[in-house]
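To keep things clear, I will list the structure first and then write my remarks on it.
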Amino acid sequence: MAASGKLSTSRLPPLPTIREIIKLFRLQATKQLSQNFLLDLRLTDKIVRKAGNLANAYVYEVGPGPGGITRSILNADVAELLVVEKDTRFIPGLQMLSEAAPGKLRIVHGDVLTFKVEKAFSESLQRPWEDDPPNVHIIGNLPFSVSTPLIIKWLENISCRDGPFVYGRTQMTLTFQKEVAERLAANTGSKQRSRLSVMAQYLCNVRHIFTIPGRAFVPKPEVDVGVVHFTPLIQPRIEQPFKLVEKVVQNVFQFRRKYCHRGLGMLFPEAQRLENTGRLLELADIDPTLRPRQLSISHFKSLCDVYRKMCDEDPQLFAYNFREELRQRKSKKKERG
């Protein structure tokens with residue numbers, strides 16, 4: 001991983017403060033979009049330093065808002081910064097930054113959940129997966145409502161080596177609610193261990209690098225904010241399709257306080273549930289009385305490998321959804337009644 005970078009001495013010319021930009025363009029955080037602005041440039045500088053050495057790097061910033069982190073990235077002497085902002089109210093303030101850093105800042109009005117970043121930078125930046133990470137970085141202070149679906153989308157992109165990861169093992173430095181940040185980095189056995197922990201850690205080296213108190217944001221959220229750094233692994237710790245891993249992990253953690261056999265049983269139709277759950281646990285060599293948070297990535301690897309073999313034996317198994325079976329049973333009861 002790149003060493004922590006130093007902010008460049010070639011800084012932006014004097015500009016209105018972020019607070020002044022907010023007043024100038026009459027910007028207000030929208031509650032429906034769970035927006036919170038980070039105004040303290042010492043903190044935005046710290047986020048950028050923790051992303052690594054950005055000198056001459058190509059950076060994709062998600063959700064720049066009024067441009068606090070954007071300024072810190074531009075001050076890090078990047079080759080190019082691409083920002084994608086959904087809210088048109090922020091575009092004029094970002095254009096002011098673009099004028100202050102000619103040729104450095106590209107602004108796209110769009111949605112990060114659908115934007116195709118794989119076409120945004122030159123193919124010459126692409127590196128083989130086995131090499132060091134490319135000179136492409138993703139940085140963002142994500143709205144809380146977007147952060148979890150977006151990281152799941154990007155984890156699937158890592159698994160498929162597409163999207164932002166066509167360039168190689170692109171590093172990401174992102175903000176989350178502190179509780180989500182703790183889950184992403186939680187070790188086996190910890191109370192925060194969750195579906196997100198396993199999905200992130202089987203594909204990435206995940207570090208919760210620091211916490212920003214909620215009072216640093218405007219408006220102040222009810223929670224503190226965690227900054228998390230992700231570096232995709234050369235070799236995923238589970239070598240199965242993302243959707244298969246996701247299905248196994250989701251089923252295990254839906255009964256997080258129960259023994260793991262309870263959730264694993266939901267992978268199988270009721271008629272064969274006991275037999276197949278027993279077979280899965282036996283072949284994967286897993287103690288059925290372990291709780292979900294006690295299962296390591298190695299445990300999940302064994303479970304996914306065995307479940308894959310069972311799906312290969314029974315092609316209809318992967319499509320099975322226990323909720324759908326439950327729904328059909330209820331509708332049959334209503335018909336009889």
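Heads up, the Cβ atoms here are built off N, Cα and C, so glycines get one too.
Per TrEMBL, S-adenosyl-L-methionine binding site is recorded for Asn36, Leu38, Gly63, Glu85, Asp111, Asn141. Asn36 (S-adenosyl-L-methionine binding site) counts 21 other C-beta atoms within 10 Å of its own C-beta, drawing on all protein chains shown.
According to TrEMBL, the feature domain 'Ribosomal RNA adenine methylase transferase N-terminal' maps to 43-234.
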Candidates Leu38, Gly63, Glu85, Asn141: member of the binding-site residues with the richest Cβ shell (10 Å): Asn141
For Asp111 (S-adenosyl-L-methionine binding site): intrachain residues, at least 6 apart, with Cβ closer than 8 Å: Val84, Lys86
Model confidence over the domain 'Ribosomal RNA adenine methylase transferase N-terminal' (43-234), averaged pLDDT: 95
S-adenosyl-L-methionine binding residues Asn36, Leu38, Gly63, Glu85, Asp111, Asn141: largest Cα-Cα distance, in Å and rounded to whole number: 20
